[in-house]
C-alpha cells in the first residue's frame, strides 16, 4: 500500500532515516545497537539479518548455487 505513495512513517530516532515498514526500522536499528541475533552454529560469526547467516552457512556446507555464465564453473 505504501510502496508507490512515497510514505515512510517509521523514522530512526538515531539517524532519522525513514522506512515504509516497521520491521525494516527494527532491522536498521540493529546497526546502531550492535545487536546480532543470528549466530552461526559452526563458528563465531554473528549476523544482523537471517539472510546473511543463510548465505554465510554456504562456507561450511560447500554449497555453490551460482554457476559462471561463461564456463559453468561454480
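Each Cβ is built from the backbone N, Cα and C atoms, and glycine gets one as well.
Swiss-Prot lists 1-4 (among others) with the feature zinc finger, giving sequence analysis as the kind of evidence.
In the zinc finger (10-32), the DSSP tally of helix, strand and coil residues is 11 helix, 4 strand, 8 coil. According to Swiss-Prot, the feature zinc finger maps to 10-32 (among others).
With a cut-off of 8 Å between Cβ atoms, the residues of this chain six or more beyond the zinc finger (38-60) that come close are 27, 30-31. Feature annotation from Swiss-Prot assigns zinc finger to 38-60 (among others).
Per Swiss-Prot, zinc finger is recorded for 66-74 (among others), and the stated evidence type is sequence analysis. Tertiary proximity for the zinc finger (66-74), restricted to same-chain residues at least six positions away from its ends with a CB under 8 Å from its CB atoms, involves no residues.
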Helix, strand and coil counts within the zinc finger (66-74) (DSSP): 0 helix, 0 strand, 9 coil
Do you know the DSSP helix, strand and coil residue counts for the zinc finger (38-60)? 11 helix, 4 strand, 8 coil
